[in-house]
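Database features, via TrEMBL:
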{"type": "DOMAIN", "residues": "1-218", "note": "domain 'tRNA methyltransferase TRMD/TRM10-type'"}
{"type": "BINDING", "residues": "GLY108, LEU127, GLY128, ASP129, TYR130, VAL131, LEU132", "note": "S-adenosyl-L-methionine binding site"}
Amino acid sequence: MKIDILTLFPEMFAPLEHSIVGKARDKGLLEISYHNFRDHAEKARHVDDEPYGGGQGMLLRAQPIFDCMEQIEQKNPRVILLDPAGRTFNQTYAEELAQEEQLIFICGHYEGYDERIKSLVTDEVSLGDYVLTGGELAAMTMIDATVRLIPEVIGKEASHTDDSFSSGLLEYPQYTRPYDFRGMQVPEVLMSGHHEKIRQWRLYQSLKKTYQRRPDLLVGYPLTVEESQMLEQIEKES
Ligand code: ADE
């Protein structure tokens, strides 16, 4: 995958040099290029200006972004504008982006964008219902969540198919050695070696956690007969 990032602060992206994303770059599975659009600004390098019609704050001007985009080699990319008014990012969205060959992120740092910038954009994306100081942290979060889903980025041994959200449910509790840690013991079923019982226990725990913490995820979730029965049990218990 090729990722191009338009930003005034390329140095903020140091986290992408480390851990799994850093290794994906080392392995040649991912190439990231930074483009400081201040270098493309005409008019004494101003990237922002006051809004027509008045109002508070400064807006990102269209010219530096357009000129910067023209210099980037584009192979049918998704062009993502980070904006709190965009579509909310989630795991399904990350899975969709992981299929793409090229992603371009446009990170703003002002009160907003000149609306004409949006003619360059395929996706306006928000990380959540809060306002960040800029799009950089949102872009990094999206890149992290997306890149780990590219085949071969995470080894087979560390599959992500059981992750919270990838099945539509939150992940079940997990334990590792020792069996007894400060008086807290691992549930017996996990020590039993009985694969079917372990599967049932994990599914039950996933459903219970989702029911308690994120009941919204169960709305529209296609329950199997087994899951419906488990959910009835969970409802009774609570
Ligand atoms: N820029 C500022 N706030 C943001 C948010 N919540 N998501 C994406 N980009 C942003």
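Along the chain as shown, residues are numbered 1 onward.
The backbone N, Cα and C atoms fix where each Cβ goes, glycine too.
Values in this document were obtained by computation on a predicted structure and should not be read as measured data.
Feature annotations (TrEMBL) mapped to structure.
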| residue | record | DSSP (3 states) |
| --- | --- | --- |
| GLY108 | S-adenosyl-L-methionine binding site | coil |
| LEU127 | S-adenosyl-L-methionine binding site | coil |
| LEU132 | S-adenosyl-L-methionine binding site | coil |
Number of Cβ atoms other than its own within 10 Å, given for ASP129 (S-adenosyl-L-methionine binding site): 7
Greatest C-beta neighbour count within 10 angstroms, which of the binding-site residues VAL131, LEU132: LEU132
For S-adenosyl-L-methionine: widest Cα to Cα gap among GLY108, LEU127, GLY128, ASP129, TYR130, VAL131, LEU132 in Å: 17
Filtered binding-site residues, from GLY108, LEU127, ASP129, whose Cβ is under 6 Å from an atom of ligand 1: LEU127
Binding-site residues compared (GLY108, GLY128) - the one with the fewest other Cβ atoms within 10 Å: GLY128
For the domain 'tRNA methyltransferase TRMD/TRM10-type' (1-218), mean pLDDT (0 to 100): 95
Binding-site residues: LEU127, TYR130 - member with fewest neighbouring CB atoms within 10 Å: TYR130
